[in-house]
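These notes are about the structure you will find just below.
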Amino acid sequence: MKLESQKSELLWRNLRLTTKGADGAWRTILRGVSGVIEPSTMTALMGTSGAGKTTLMNALAGRISPNMHLKGEILLNSHPRSKDTWPEIVGYVEQEFHAYEYQTVFETLSFASKIKMRGEEMEQKVVNRIEEIVSLLGLKNAKNTYIANLSGGERKRVSIGVELLGNPSILFCDEPTSGLDSFNALNILSLLRDLSNMGKTVLVTIHQPSYEMINFFDKFILMSMGKVIYDGDVKGCIGFFARCGHRLPEFTNPVDFFLKTISLDTRTKSSEEKSLDVINHISAKWRRERKEVVPKLSSEVRMRDKTIKTTLSFFLLWSRNLKNYLRNSEYFKIKAFQKMFFITVFGLAYLRMGYSVESIYTRLGGITFILTNMLFGVCNPIFNVFSSEKMVILRERRSGMYSGFMAFIAKYFSEIFINFMLEIPYLVIIYWTIGLNPDVRVFLVFMAIIISLILLSIAYSLAISTMTSTQNNSQVLGSMGLLVFLIYSGSFNNPNTISKWLKWIVWISPMYYATKASFQNQLNGVVFKSPNVQTTGEEQIKSRGLDGMGVWPCVFVLLGMTLLWMLSGATVLHWTTKNNMKVEINDEEV
C-alpha cells in the first residue's frame, strides 16, 4: 500500500511548561526538555506516572490546554510549526478512541476519508483507499461491525486507520497498547513499525513495554519529574546508567530497570529524598553528556489542496448524526413507550375539556403541561448524549477536519429532524384528544409556538452542554436553568406580582413568552359559561398578567433567543476544541 509521505523531522529545544492549579498557583510540568524525532524512526516516550510524557507529546502536537503556558522552541524541518499546515502533517492516536457507537468501521473510515481527502478524490478512489487501510489494519472481517461491538484491539486499529486516511508524515500515539493483551499489543506495535518503515515519523508513549516490545523501537526518551533522563537506544542507555552507578542486573528487562531506577519513592521521607537524589544525579549527568540538538532537514513541508465545500462538510456531519440516532433502536422504543404513556395518562386526565368557567384551570394546566413536557423532553436527552459526542468532535477538530461552528450547526439541524419526528405527532394527538381550541387557525398557530419552543430548547441544551465539561454538570446546570424558566413563566404566578429586582428573570425566560403566546392563542375570543357566571378568555389572560405583547411578537422573541443560544454554543464549541500551538521563547537556562 502506498502510504509514503513527506519527510518530517520534529525538533524541540528547552521546553518549559507550567499550568495553573485549582489554588491559583503555577506548577511546572516540563523542565527544559529538548529532543528530536526523525523520519523512518519509531521512538518510545517513557517514564513513570506523572513524569510528563503525555504532556510533552501534547505540547509537541499542539494540544495543550488553555490554562497551560509553554515556552521554548519547536521546529518542523527547521521551521516553526504553521497552524495552517500542521493538522495535515500530523496524526494523533488518542489513548481512548471516541467515535459514534452506531457507525460501522467502514462508515467511520469513510467519513474521515471524505473529510480529510476532500475534493481531491473521486468516490471510487475514496472507497479504494478505505479498502487498502482496512486490509493494512487487518479489519476486513470487522468493516461492517458497529464501533460499539468491536474489541479493544480492533478499536485501537480503527483509531490508527482514521489518522492514516490523511496520510500524515508524523504520527503521535498515546499509550496505544494500554488495555490490550500481549498479542494485540504486539500487533499494534508491529503495525506502527511498518508505518515508520514507510517514512513516517512515529512517537509513542508507552508505560512498561515487555522485552519483546523493545525491539520495535529505534530509540527511547526516558523522562522523570518533567525532565529528560536519557535519549537514545537501549544499548546506549545501559551504558549510560552503568556510568551513573546503576548497572543492569542479569536476566532483567532493561526498561523495567530504567523505570524503577528513576521512579520517585514516596513511601517514606528518607526513601523519597534518596530517590530524588538518584534522579537529580542521573538528570545532571545526562545534561553534561548529551549532544546539542541540531536539525538535519530544512525543507518546508508542502501543503496539499484541502479545500472542502461547506455544504459537503455540513451534509457529512448531519447525516452521520442522524444515522447514529436512527440506529439506536432501544432509544426509540423507550421514547415510543414514553409518548404512549403520556398520551394515555394525560389524555384521560384532560379528556374533552369543555368551556365552563370551572374548566379554565384545567385548560390552562393542560397547556402548561404540554409546554413543560416539550421543554424537558427535548433538553434532557441532549444533556445526556452531547457530552460524549463532544469528545468525538474534539478529536476530529484537533485533526483539522471541520470548524466548531459547522459541528454545532449540523448537530442542531439533526436534532431538529429527530425531535420533529418524535414530538409533532405526539403533540397533534394530545391536542385533539384533550379538546383544545378546535379552530384550525388556532391549532396551526399553536403548532408554530411549540415549534419555536422546540427550536429554542435544542439550542439551549446544546449550548449548555458545550459550556460544561461533563454530562453530570450539563444535566444539573441545564435542569436548574429550565426550572428557573418554569418558575418565572407566568404559569404558577402572576408576573406583575414579582419583585422589581427579580422582574428581569421573567423577561429572559423563554417559558414566559411560550406560555403567554399559548394562553393568548387558546383563550382569545373564547367565552366560558357556567349557570351563574360568565367570563372571557381575555379577562382570564389579563388577571394572570399575561396580556400585552401579542402571540407573534412572543414567537419572534423565542426565535431571537434561539439565535443567541446557537451563536453562544457554536462559538464556545469552536474555541474550546481548537488546537493550542502557542509557544513563547524560553530564555531560561536548563
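Including glycine, each Cβ sits where the backbone N, Cα and C put it.
The domain 'ABC transporter' annotation in TrEMBL covers 15-250.
Look at TrEMBL and you will find 336-355 (among others) tagged as transmembrane segment.
Annotated transmembrane segment per TrEMBL: 367-387 (among others), in sequence order.
Annotation source TrEMBL lists transmembrane segment at 408-434 (among others).
The transmembrane segment annotation in TrEMBL covers 440-464 (among others).
TrEMBL lists 476-492 (among others) with the feature transmembrane segment. Non-local neighbours of the transmembrane segment (476-492) in the same chain are 364, 368, 371-372, 375-376, 379-380, 383, 460-461, 464-465, 468, 498, 502, 505-506, 509-512, 514-516, 519, 544-546; each lies 6+ residues outside the stretch with a CB under 8 Å from one of its CB atoms.
Taking Cβ pairs closer than 8 Å, the transmembrane segment (550-573) reaches residues 390, 393, 404-405, 407-409, 412, 445, 448-449, 452-453, 455-456, 459-460, 462-467, 510, 513-514, 516-517, 520-521 in its own chain, all 6 or more past its ends. As annotated by TrEMBL, transmembrane segment applies to 550-573 (among others).
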Chain residues outside the transmembrane segment (408-434) and at least six past its termini with a C-beta under 8 angstroms from it: 314, 317-318, 321-322, 325, 335, 339, 342-343, 346-347, 350-353, 366, 370, 374, 377-378, 382, 386, 389, 443, 446-447, 450-451, 454-455, 458-459, 462, 466, 566, 569-570, 573-574
Average model confidence [pLDDT] within the domain 'ABC transporter' (15-250): 89
